[in-house]
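Record features, source Swiss-Prot:
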type	residues	note
DOMAIN	153-193	domain 'EGF-like 1'
DOMAIN	305-344	domain 'EGF-like 2'
CARBOHYD	N79	N-linked glycosylation site
CARBOHYD	N205	N-linked glycosylation site
REPEAT	208-256	repeat 'FU 1'
REPEAT	268-315	repeat 'FU 2'
MOTIF	46-49	motif 'CXXC'
MOTIF	278-281	motif 'CXXC'
SIGNAL	1-29	signal peptide
TOPO_DOM	30-362	topological domain 'Extracellular'
TOPO_DOM	406-420	topological domain 'Extracellular'
Amino acid sequence: MAPWPPKGLVPAMLWGLSLFLNLPGPIWLQPSPPPQSSPPPQPHPCHTCRGLVDSFNKGLERTIRDNFGGGNTAWEEENLSKYKDSETRLVEVLEGVCSKSDFECHRLLELSEELVESWWFHKQQEAPDLFQWLCSDSLKLCCPAGTFGPSCLPCPGGTERPCGGYGQCEGEGTRGGSGHCDCQAGYGGEACGQCGLGYFEAERNASHLVCSACFGPCARCSGPEESNCLQCKKGWALHHLKCVDIDECGTEGANCGADQFCVNTEGSYECRDCAKACLGCMGAGPGRCKKCSPGYQQVGSKCLDVDECETEVCPGENKQCENTEGGYRCICAEGYKQMEGICVKEQIPESAGFFSEMTEDELVVLQQMFFGIIICALATLAAKGDLVFTAIFIGAVAAMTGYWLSERSDRVLEGFIKGR
């Protein structure tokens, strides 16, 4: 790691220049690497195989369309019979089956290319469905529709209408999954053949079931009206065929903390925090306190803040009291600041000059740089033959020489005295 810059103007300038010339630059200026994102989920092998077959079938359509259709029917029929099942066509189709970025498709095609060739030349007459022959029967990656799992078991509800047509059989068509039915809203049961909680049978026949919603708080009902409730949801009680809200705040059902109060809601309740002034409360605000918190006092029916600053609570010179909600704090008076537990008068700092932090050696270097620039400029003008600038140049050189000699003699004398 590069060192931090030294103090002082000139050393800092030289440090920055050295960093600029000594590449690469300081490492803290390099951008941090982007956060690592989790890899996307891999598709089920059956889905990859289905995609490969779908792309293969599209390739068959494309090759027929691209190679024939010129209008000469007799010529097309003669040549189509040769091209239809040719190796040339197979190669053309396979070249476009997988996109460049679909790694899973390329991997599966590499593993199954010999099987595809076998089907193309020997099996497609007896097994025209490539998906069934390749993905289900040969590779055993997929199952027929309405079945699931390693043994291709029927989904609940049967293979014709898995999950009764009102849900999704988990793993259907693949060699995985549990076969569990994920039912649509309003439907339930093992094969989604019943109405779920909060719904009733509006219509049913041998092949059709319609489930409609009960009235809001009803868990079970015989119809859509409030009076059709048979059982109520949690937080409600059945009373004269209607569901009535239970006030949990008036029962032991509410479980709020010591510094909270209960608020009843439809079918439930909420616990809300007491006011800061309260130690326990029966409702919102400082007027519903059971007891007052420290720093508060009972005034009428409310717990109000005690102004501790009315008494002498901040001993010490130049201190003053500041009242806060439920307490107070001692601060230094204006024009004073805290230092080691006492308040001392603030010293207004003198305004620092531009060169106030530079050392004597740094000032000498800066002066020499400045005079050097001036002399170079004057020398350039004097070289053009201007007598005025020539005189100024000679005078500046003489002045600089005298100044430098006097400064050097003072330093030599000072060093001699100090024994350097």
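Placed from the backbone N, Cα and C atoms, the Cβ positions cover glycine too.
With a 10 A radius on its CB, N205 (N-linked glycosylation site) counts 7 other CB atoms from all the protein chains. Remark: secondary structure over the domain 'EGF-like 2' (305-344) totals 3 helix, 20 strand, 17 coil, with classes taken from DSSP. The residues of the motif 'CXXC' (278-281), classed with DSSP into helix (H, G, I), strand (E, B) and coil, number 0 helix, 2 strand, 2 coil.
Below 8 angstroms of C-beta separation, residues 104-105, 108, 131, 134-135, 139, 141-143, 173-176 of the same chain, each at least six residues beyond the ends of the motif 'CXXC' (46-49), sit close to that stretch. DSSP states for the domain 'EGF-like 1' (153-193), grouped as helix (H, G, I), strand (E, B) and coil, give 4 helix, 11 strand, 26 coil. In the three-state DSSP scheme, N205 (N-linked glycosylation site) is classed as coil.
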